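Trainee: Have a look at this one.
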Amino acid sequence: MGETQWILSVGAILIAFKCLLIPAYTSTDFEVHRNWMAVTWNRPMKEWYTESTSEWTLDYPPFFAYFELALAYAAKFLGFDECLEISNTPKMSRKILIFQRFSVILTDFFYLAVCALYSFRSPRLVERIPKKLRRNGREACFVLLATLQALLICDSIHFQYNSMLTAFFILSMYFVDSGRMLMVRMRTSGCVDAISLAIALLSPFIFSLFPFFHIDGIEGLQNIATRLFPVSRGLTHAFWAPNFWALYNFTDLCLYRVLSLLKIGKFEAPTYTSGLVQEYTHSVLPNVTPIGTLCLVVVSSVIVLTGLIIRWRRDSRQVDFSLFAVFSALSFFYFGYHVHEKAIILITVPMTIFAIKDPKYHRHLVHLSCVASFSLFPLLFTPFEILLKYAICLAYFLLQLTFLKRYTRMSLAEMLPWRYVASWILLGAVEIYNTFLHKWLLSDRLPFAPLMVISVLTAIELTGFFGSLIWHCFADGIIEITWQKATCRLREQLIRDVTYSVQTVDDVEDVQIVAGIDTSASTQNPDMVYVSVSFWKYPSLEHMATVSDTRILRLPYIPQYLAVREAEVMADFVKKVISDRPDLRPDVILCDGFGQFHSRDCGMACHVGALTGIPSIGIAKNLALHDVYETVGIDKKATVDKFVDSCREVYKSNKAVAGYIPFDIVEPVKLNILRMGGSMSGVFVSAGYGIDLDLATTISSRMLLNNTTCEPIRAADLESRRLVREYFDGNDKNE
């Protein structure tokens with residue numbers, strides 16, 4: 001389908017579904033927004049933020065109040081006068097329901113249009129995506145933003161106007177991606193720039209607040225500030241949002257219970273488990289003030305954003321504005337005062353965009369979306385809506401996996417680590433207990449307990465998400481390199497000590513199947529690779545099968561530590577193939593690279609063999625002299641040069657030479673040089689793991705065809721390159 005077909009199809013399905021949701025459950029927010037329409041219609045502007053006939057007083061910024069006034073004009077024009085009555089009790093009728101539901105649907109058209117604009121026109125969305133995946137990436141971005149489950153639950157059922165506000169957010173990201181910013185950089189004579197920047201920053205405040213200041217002076221601004229910052233509502237909402245303060249409350253509660261049980265000190269019973277919106281104090285831990293939370297938000301934001309700026313200065317391609325938006329939203333959500341669970345939308349939207357731009361973060365996106373779903377489930381608790389919310393979130397989860405897989409061609413196992421799945425199962429069990437079992441088992445006792453558990457578990461998962469994102473975004477410098485080198489050296493020591501179990505091969509008669517493995521990366525995004533494994537019968541050299549799949553290389557490239565980046569990916573793929581096809585289990589794996597002939601006696605082949613438990617051989621087509629010097633020691637440089645010259649003389653003689661040339665400069669010998677027929681180049685064989693060099697050389701010599709071509713590795717290499725050309729880097733007429 002083309003762009004227009006995608007927009008029309010998805011839009012039509014969504015709008016039709018939202019129309020079906022018109023009779024669904026509405027929360028108190030439905031009456032809140034009706035009352036705000038009535039207030040802005042019936043009261044002069046200076047009374048908007050003082051009117052208190054209803055308990056649902058206007059507490060959104062002035063621009064949203066203007067939006068409510070626009071809705072009030074529409075209601076009056078269309079004859080929905082019932083919507084405009086100020087009342088101290090909620091008002092509901094069929095006409096009110098229809099008008100307000102359709103007011104949300106109307107804003108959804110704006111949201112869909114902005115999603116389409118960003119997804120199909122943003123120049124930076126697919127900047128680092130392989131050419132042939134760019135169209136799929138744009139379509140995935142549009143579908144996942146347009147069908148965001150959090151917006152469906154919060155707007156189309158629970159009732160709010162988040163989609164309209166989110167649309168402005170996405171629109172601003174589009175302008176940033178397009179480079180349409182007021183200030184690109186500050187010039188040396190920055191007076192004009194500074195004035196322009198000040199005007200841009202102050203204009204929204206001036207246009208929104210000046211009418212109130214003009215009518216009611218400073219008092220009008222004070223009334224707005226009092227409503228916008230209602231500190232009397234308490235640190236957390238009635239249902240705790242999954243952030244730091246949920247964990248803080250839970251810790252305080254646990255300490256109170258333990259200390260009371262041990263009769264240590266006297267503490268007041270906590271009131272934050274009442275499920276009410278109110279100001280409260282903590283029993284054991286220090287009380288938290290709004291200023292305290294603001295300080296934490298500012299400090300965390302400054303630290304994270306400073307790190308992003310430093311990284312951006314080092315390599316601007318590694319940092320995108322969407323990542324700034326994710327961390328900014330995370331800081332406010334995680335440490336903010338009286339945060340609502342619905343605010344998680346501010347994180348999921350930019351994270352969706354960022355994950356499309358950088359596929360390494362698909363796991364993070366899927367996990368965040370699931371955590372968001374579980375954190376929003378308590379908003380809907382009536383019988384019909386219970387099944388509806390589960391259906392919506394499950395459908396979005398499957399839709400997310402489908403489009404991300406279609407986009408990157410990654411396997412589901414790659415996107416669903418077992419730890420994430422385990423956490424979802426635990427959260428699902430608690431959710432089922434809360435919805436179907438708690439009241440049946442305990443009647444009206446401890447009504448807040450299961451909700452608290454959901455809040456705490458989702459807060460733990462969001463904390464893990466926050467920490468993981470920080471680690472992956474900032475630790476790829478000195479910290480990550482140092483950590484990965486240390487981890488690699490530890491594994492190599494275990495490999496040298498033969499700690500890993502392996503089914504060793506002692507004789508050539510034990511070998512029936514040989515596999516060759518290789519990877520090829522996209523030129524547009526080197527983190528996206530195809531891994532191919534080619535299986536051959538031995539010694540007949542009959543090709544059995546070649547299996548390939550997409551993988552994401554999540555770790556950085558470190559010189560002399562290639563195994564850090566690729567070994568686990570290759571080993572995991574081999575194990576998956578063997579699990580799916582036990583009949584293909586090889587007796588030996590041939591790797592493109594070196595084995596024990598390495599500066600640390602542990603090359604790529606050693607890692608792959610140890611991690612798979614299958615004997616491995618390293619076969620390289622080239623031998624860089626600087627690698628040889630590093631392996632044998634620079635003091636033997638002259639000896640190495642003499643040996644290399646003698647090998648070259650043999651090759652130049654163009655005489656058929658049987659057998660191999662041992663690299664016997666160092667003992668024990670760890671490298672043999674094969675020369676088949678009259679070829680002018682050699683193949684360098686070193687034992688990997690679970691096999692000795694002589695046997696490795698015998699097997700390798702049998703697998704060499706066309707003079708110096710190792711057929712299993714060659715087949716894997718050709719297949720992975722073909723797939724990269726076909727699915728990644730070939731020309732795409734649609735892009």
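Cβ atoms are placed via backbone N, Cα and C, with glycine included.
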Trainee: For the annotation transmembrane segment in TrEMBL, which listed range does it cover: 140-159, 240-259?
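Mentor: So the range that TrEMBL calls transmembrane segment is 140-159.
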Trainee: If TrEMBL is the reference, give me the range from 448-471, 544-567 marked as transmembrane segment.
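Mentor: Within the set 448-471, 544-567, TrEMBL attaches transmembrane segment to 448-471.
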Trainee: Do the transmembrane segment (7-26) and the transmembrane segment (194-213) share at least 3 Cβ pairs under 8 Å, sequence separation 6 or more?
Mentor: no
Trainee: Between the transmembrane segment (319-337) and the transmembrane segment (140-159), are there at least three Cβ pairs closer than 8 Å, leaving out pairs fewer than 6 positions apart?
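Mentor: Answer no, regions not in contact.
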Trainee: With CB pairs under 8 Å as the measure, which of the listed stretches 98-120, 194-213, 416-436, 448-471 comes out on top against the transmembrane segment (165-182)?
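Mentor: Most Cβ pairs under 8 Å with the transmembrane segment (165-182) come from 98-120.
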